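A.B. asks: Sharing a structure with you now.
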Amino acid sequence: MKVISAMLLVAVFWSQEWKSALSDSIIHIGAIFDESARKDDEVFRLAVADLNLNNEILETEKITISVEFVDGNNPFQAVQEACELMNRGILALVSSIGCMSAGSLQTLADAMHIPHLFIQRSPAGTARSACPQTSRLPGTDDYTLMVRPPVYLNEVIMQVVSEYSWQKFILFYDSDFDIRGIEDFLDRTSQQGMDVSLQKVESNINMMITSLFRTMRVEELHRYRDTLRRAVLFMSPATAKAFITEVVETNLVAFDCHWILINEEISDYDLQELVMKSIGRLTLVRQTFPMPQNTTQRCVKHNHRINTSVCDPKNPRAQQLEITNRYIYDTVLLLANTFHRKLEDRKWHSMASLSCIRKNSKPWQGGKSMLDTVKKFGVSGLTSFLEFTDNGSNPNIFFEILGTNYGEDRGRGVSRLATWDPVHGLNGTLTDRKLENNMRGVVLRVVTVLEEPFVMVSENVLGKPKKYQGYSIDVLDALSNYLGFKYEIYVAPDHKYGSLQSDGQWNGLMGELVFKRADVGLSALTITPERESVVDFTTRYMDYSVGVLLRKAERTVDMFACLAPFDLSLWACIAGTVLLVGILVYLLNWLNPPRLPMGSVSSTTLYNSMWFVYGSFVQQGGEVPYTTLATRMMMGVWWMFALIVISSYTANLAAFLTITRIENSIQSLQDLSKQTELPYGTVLDSAVYDQVRSKSMNPFERDPMYSQMWRMINRTGGGENNVEESKEGIRKVKYGRFGFVWDAAVLEYVANNDEDCSFYTVSNTAPDRGYGIAMQHGSPYRDIFSQRILELQQNGDMDILKLKWWPKDSPCDLYSSVQTRQRGSALDIHSFAGVFCVLAAGVVLSCLIAMVESWWSRRKGSRVPSKEDDKEIDLEHLHRRVNSLCTEDESPHKQFSTSSVDLTPLDMDALPAARQALEQISDFRNTHITTTTFIPEQIQTLSRSLSAKAAAGFSAGFGSGGGGVLQDHRTGGVGPFRQRAPNGGFFRSPIKTMSSIPYQPTGPGPNFGYGNDPDRGTSI
């Protein structure tokens, strides 16, 4: 009980002392703060406490304070609290509120002549807007001093945007920002032709972004994304962090975006968080205070030491100071120095009677002097140097412009780019530099679709990421090695390139890029207008054309390939020529018979002429001695003709047996479109499908060829001839009757790598599109990727990569419609089957003829010869027999020459005994020759009676009269004997045919005349 009583006595004593000190102190400062700015009150009290401890400034005087909190949007409350403070006898009023309440306080201060040091505070930390001018009576002084410098944000942001050369951007502002503060900026951008969009950021940012996705179509959303590439933010750091986080998470911005956040109230802590949450490039504009680097110099200002908790940059409390806190501390320091100069003036006690409620209340008489003293001197503090101009504004303000580089690295460095102040303007250079070639540290997420040979799985080990290979992968690796980035690759979930669906959404690879789930799309992806409207493409790295994959015709077995070099009509002409030349040779010899040597058994029959012409044609020669000039001329020309024909046949046969020249009816897309027997199609909803449909239905690019193709492809709504994947189309071609319309490059690779070489391709010669690398709309990597691709093409590296997958020395013929054997391979039996067939037919025919001849010979030998039968005679035997008849005459000239004999028809009727004394010789020994010769005995008797001198010649003709004289009728002979065949055969002539045997006489002799009877004689 005693303890409690003692404590009460101490409390009463302390309160009395405090009232005594308050009444004795002549320095009393009033303060009005926004009720949401409790930190202003803390710093204000801290500054007063520091100054009360400094005896060099106020000596024995102490500063007393009175603080009131008001609603910043309630001017009436602010005035009421200010009047209450004036009734307490304040020498100055310090306020940290908004413009709305500040205007009322300014009017009250002007009326009561109380110096009013106004520190503008923006609501919720948003960017400041200039307060509207307060109207006052002419001739009255302005007792309100603007501690914070005027708002220069319009000037700063205009110069920054101009330095970056922005012509189109969007300006975001939060709900607490007064849009009237940037009217001057908007007017200036409009005058310079800049396209500036305005958008207010609601307090519920998540709902705002969700409504954008719900209300905008895909095309509008992409245009909106493009607008977000350049943006200026007028908002508080807290709102800016929440907004940036939301748009990054919803993929509304890409890595090439560049945003500018301008706010004087950006602390170092806010700066680091903003950089961590953003992507792309971020530029921040904030107010800065030039301060010495030395901590001692920063905290000691002339005769006052500032508390280290607010002046040491390493102190956590100092790092969290707001700009208004700094100005409040310097304001108290400025008032303290002002009071120090006015201590000799003791008339300040008269302030205690001021009242702003009474009508006849008078202003403070010492207010003007106090105001002039405050304006006259300045002070160095936490805001560098605080002073006022004649119009009551603080001219000292500095801005620093900080920025990051493009990229996606979290926590990337921030550097000072430039500074700005009202006197010197921009100090530094600002350039909106694009991404540099060095992309080290960047990891790209790549989406793909498997398509040979562009992208294929090279290694698939369980538990490890798949490895890919292909032409597109090689291009991506070349870019990665040069630019330094890394990538992660995955296959599109539905394994499709993507198309626009009925609900306006994209699926497949395109959908991954549209919804920002991937950075790069890579495969056999063609650049189309529809795709380019939603994503960005690099320059083409390979040309594209539409082709069709067809199965080669099976190589049929041509048994008569040996006849292929010549056409059927040419073969017929050659056969006719052989017959014609054989007949001509026979006629020429018949018109001018050659003289044959004695002993020759050859003859110039039509059969022999044909045989000789055929033998010379096939280069086997002949044995008929053609001695006439006409016949030799004919045969010379014939041999020349045969030489040319045989040479041409030989050369052409070699080509036909190595290369098949059969052509297929489909050799172009035009041929494919004109026929309807072979069905063909493509991948449903693919780029090829859309291209054919567009060129067949679009009136501006309608093509009759594509119109015909579309009718086939779109049969029964496209479900009959189209497939879901390219692999399915290739299988249909290989195992059925089908033509697959697809990318020509893909089809060429498939045909090149087919084991059976069973495919061939047909495509357009002129490419109309190209393959490109797809990226998100507005991607920062598009330009540097395109530049590097152009360098690879210029250096020839792209051609080297292409030859790896499309070699020139392909084992398969891509353009032949039939299967051909490889060059240099051996000929097979199929190529010569016809030759063997001809040989077999000849053998069979020869056997048949031999059988017929054998049968005919047996049949002929069984018959008794009749008078009318043909007679066969051996010319040499006849020569020997005639010589034997003349052996009685021993004179040498009586023997016939061994070389020849001249025999005329004999009149067999003139010799009655001739028919009865015929000598038949039926066989020649040691030979295969059988002849029958009929010689009359009268000829033998007559030959014996020939005198030796008169038998120099022998006339083979007999007269009809008995004992008549032999007549020389050599000129009466008929056609000559024909040459004996090489096999020693004999030639026959009809019995009634008058023939002669030419001979050469061995000497002169008498002529024996015999009557000639044409009806009788010897037939040879």
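Heads up, residue numbers simply count up from 1 along the chain you see.
Cβ from N, Cα, C; glycine included.
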A.B. asks: Consult TrEMBL and report which candidate among Cys83, Cys757, Cys812, Cys837 shares a disulfide bond with Cys356.
C.D. replies: Cys83
A.B. asks: Disulfide-wise, see what TrEMBL says Cys812 is paired with, picking from Cys757, Cys837, Cys847.
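C.D. replies: Between Cys812 and the options Cys757, Cys837, Cys847, TrEMBL records the bond with Cys757.
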A.B. asks: Using DSSP, break the domain 'Ionotropic glutamate receptor L-glutamate and glycine-binding' (453-515) down into helix, strand and coil residues and give each count.
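C.D. replies: Across the domain 'Ionotropic glutamate receptor L-glutamate and glycine-binding' (453-515), DSSP assigns the residues as follows: 20 helix, 16 strand, 27 coil.
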A.B. asks: Looking at the recorded positions Cys83, Cys356, Ile666, whose Cα is closest in space to that of Asp743 (L-glutamate binding site)?
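C.D. replies: Result: the closest of the recorded positions to Asp743 (L-glutamate binding site) is Ile666.
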A.B. asks: In Å, rounded, how far does the Cα of Arg693 (site 'Interaction with the cone snail toxin Con-ikot-ikot') sit from the Cα of Arg531 (L-glutamate binding site)?
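C.D. replies: Their Cα atoms are separated by 16 Å.
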A.B. asks: Check the disulfide-bonded residues Cys356, Cys812 for other C-beta atoms within 10 angstroms of each C-beta and report the one with the most.
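C.D. replies: Answer by Cβ density within 10 Å: Cys812.
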A.B. asks: Which site among Arg531, Arg693 has the most other CB atoms no more than 10 Å from its CB, taking these as recorded positions?
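C.D. replies: Per the Cβ count, the most surrounded site is Arg531.
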A.B. asks: When a 10 Å sphere is centred on the Cβ of Thr526 (L-glutamate binding site), how many other Cβ atoms does it contain?
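C.D. replies: Looking across every protein chain shown, the total is 24.
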A.B. asks: So how many other Cβ atoms are close to Cys757 (disulfide bond), meaning within 10 Å of its Cβ?
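C.D. replies: Excluding its own Cβ, the number within 10 Å is 19.
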A.B. asks: What residue among the recorded positions Cys83, Ile666 has the most other CB atoms lying within 10 A of its CB?
C.D. replies: Ile666
A.B. asks: Count the other Cβ atoms sitting within 10 Å of the Cβ of Asp743 (L-glutamate binding site), across every protein chain shown.
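C.D. replies: Total other Cβ atoms inside 10 Å, all chains included: 25.
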A.B. asks: Filter the recorded positions Cys83, Cys356, Thr526, Arg531, Ile666 down to the ones within 10 angstroms of Cys812 (disulfide bond), Cα to Cα, kept in sequence order.
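C.D. replies: So far as Cα distances go, none of the recorded positions lies within 10 Å of Cys812 (disulfide bond).
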